[in-house]
Each structure stands twice: as C-alpha cells, then as structure tokens.
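J.: The structure follows.
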Amino acid sequence: MYKEQLNLTSPEPPVQLHPEASWVQFHLGINRHGLYPRSSPIVSKLLQDMRDFPTISADYSQDEKALLGACDCSQIVKPSGVHLKLVLRFSDFGKAMFKPMRQQRDEETPEDFFYFIDFQRHNAEIAAFHLDRILDFRRVPPTVGRLVNITKEILEVTRNEILQSVFFVSPASNVCFFAKCPYMCKTEYAVCGNPHLLEGSLSAFLPSLNLAPRLSVPNPWIRSYSLAGREEWEVNPLYCATVKQLYPQGSSDRLLNIIDMAIFDFLTGNMDRHHYEMFTRFGDDGFLIHLDNARGFGRHSHDEVSILAPLFQCCRVKRKTLLHLQLLAQAEYRLSDVMRESLLEDQLSPVLTEPHLLALDRRLQTVLRAVQDCIEAHGEQSVVADGPVGQWAPDSGRANATS
C-alpha cells in the first residue's frame, strides 16, 4: 500500500521502499499502549536516520496546502498553517515534519502574549519527545534536532513552485524563506540560515490516515481562542461531573488519559492543547497522541497552574503515572537530571536552558501536591486508579485551578 503512494509516472527512477527501513519498523511497532515499545531499538535508529539521511524532496504540510486550497481538507486531522512547517522526505522514503528555529533558547515568551499567538519552538518539540519518553507515556512521535542546509536540502529538492517563490537572500547575505499562507505571509516573519544552515526539529510522520485512521477530538478543557472569552470549565465548579457524563469519559480510561495529558502539558507549559488524536483501531481505551508540542517551554519563570484543571477538578490519576512522578521527584532520579542527560543525545544540545530544566522539578512538586490534596480530601482508593475507570471520586468543586 505504501508503494501505491509512489509517483510511478515520474521519468525519474522511483524511490525504493525497503521493509527494514526504520520508519517502516516504527509504524509496525505502534500498539494500543503507545507509539513504540519500551526500550525499542527502532526509535534510536529512526532518530539517527532523520538526523543523517539526505533529503530528496520538500513540500508544505497538508495543513498549509489546505489553507491554500490545494488539497482536500477532509483528509486533514487538524489544519492550522499559522506557523511555517515543511514536510521533508528522505532517501529511505521516510518523512518528517520540519519546524525551523524561530526563537533563541534563552528568550522567554512575553508575558502579554496570548498562547495562540506564541511562536512555535523547535527545541520544545525535541524536549517534549524526551520528556514523554522519560514519563513512559510514549505518545509523542520520535523527534530529533538537525542542522538543515535550507538551500540544498529544501530549495533545490522541492518541486513546489510556491515554496520556491518564498526563498530570498537577506541584506546580511543569509538565505531565508517565509510562510505562504493567509496569516503570516511577510518577509519580516521569515526564518534565515547562517548563511544556509538552519536549526530545526524533525518529527517522524505517523502512518497515513488511509492506513491507520485517527480521530481528532476536542479537548474537554479547551481554552477560549478569543481575546476575552472564558470556557465552562473556568466557571463551573461541577464541570468534571459534566465531562464524565459524556461518552466515553464515564466508561473508559479516556478521562485518565486526558489527565495524563494535562500533567504532561503542565510540565512543559503548553497551553495550546485544543484537540487530541487517537487511532480508531484501538477503540475508546486507546492512548492519546500528544502532537504539536512547539508552544511548550516558553516561560520557565511562570507555572500556568490552570493547565492542571482536569487533575484539580476530577481528583483522579493513574497509579502508573503517579509512581513515575514520585520516582522522578527523588534525588537520585531527579527529573531535571534525567532530562539533561537524555537531551545530550541530540545534535542540537543543549536543547533547553538550565532554568527550563529546573522548572520541571518545581512543576513536578506542584503536581504531586495536587494529588496529595485530592487523596487527603477523598482517600487514596478513590483518587489513584489501578485499572479502568470504576468509582469516581466526588468532584472537588474547584472551578478555578489557580485558586
């Protein structure tokens, strides 16, 4: 089925598909517990291949194409297109999403910025993958940093004339390009090499929707994307009870998985989780795929406690998740130390600055205190879940997590 995606009418020899390719093995290893098995050697090989293999084509993502009217929007899980990202294809026929560097590592998101206008950070995508793996969620696609020669590896291999048209040479003689989309189409939003090399993150593609259909589901704790709007969860102290009455949150692990996602997003500082995705094959109890993490790690000096609203309001957490968090709070396995060591593997190390690493320890303590407050209020048996959802703890009545 993958071979059918090849352009066999091209006069050039078709790219040969090798079943032993790391991206194929990655796709075959996806199961109902995560995107890859624990301690999978395939992930390390895939990261190495994405970092080292030459590119043979570059194109806009389906999101941008949809916004330009160039593809069928019904085939897209979540179109956005506000920020520049490209699809790079490698010599082994694998594909990765490329997000270029837009912000220096030591730059914090301005405190007056809304989360929906924040820059997307390539290093946040890389760090989110490592954190997800450390937490043993395995729900973020493998992501690696790479120095890309944007002239040779993007401009000279793309056949998209629109993409070719947005390249230019800056007054400083650096090669630059910008997003051709309805929102940010100006040269002042361009990204530039030095003069050709540009940092970026590469996230492995998941199997195509034709092969592995996915659902895109609105996050029950979605934020308002207007300048002054507020959502029900921010004002209704019984909001979790409402969510549990909706299928399938009341009869599956879905809500526990949403709480996992909230803990993950709080640790990274990502407020932009408006949807989540799931493979339809695994049913209601399948894991949530944690895509699009580039708006994390923006402010190390601020902890956005409202991200933890699902935990505060529902007072429920998986025992497996809690045990991992407790382990990473111990001195010999401190989360910041484990992250620092893990990120050393990446070509773009240091991926995070030291204040961001230390913020992880501080936020972890906040999560553990929230769980402890729930246990004191409702008892461990009602709060800590060993398996599928059974009897839920009473709602804590905390509408505003920041209280």
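Glycine residues also receive a Cβ, built from the backbone N, Cα and C atoms like all the rest.
Model, not experiment: these values are computed from the prediction.
I grabbed these lines from TrEMBL:
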ACT_SITE  ASP272  active site
BINDING   LYS99, SER203, ALA204, PHE205, LEU206, GLU277, ASP292  ATP binding site
BINDING   ASP292  Mn(2+) binding site
DOMAIN    167-384  domain 'FAM20 C-terminal'
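Tell me about the surroundings of these features in the structure.
T.: A sphere of 10 angstroms centred on the C-beta of ASP292 (ATP binding site) encloses 25 other C-beta atoms.
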J.: Per the record, ATP is bound by LYS99, SER203, ALA204, PHE205, LEU206, GLU277, ASP292: how many Å separate the farthest pair of Cα atoms?
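T.: Taking every pair of listed residues, the largest Cα separation comes to 20 Å.
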J.: How many other Cβ atoms are found within 10 Å of the Cβ atom of SER203 (ATP binding site), counting all protein chains shown?
T.: 26
J.: What does the structure give for the C-alpha distance between LYS99 (ATP binding site) and ASP272 (active site)? Integer Å is fine.
T.: 17
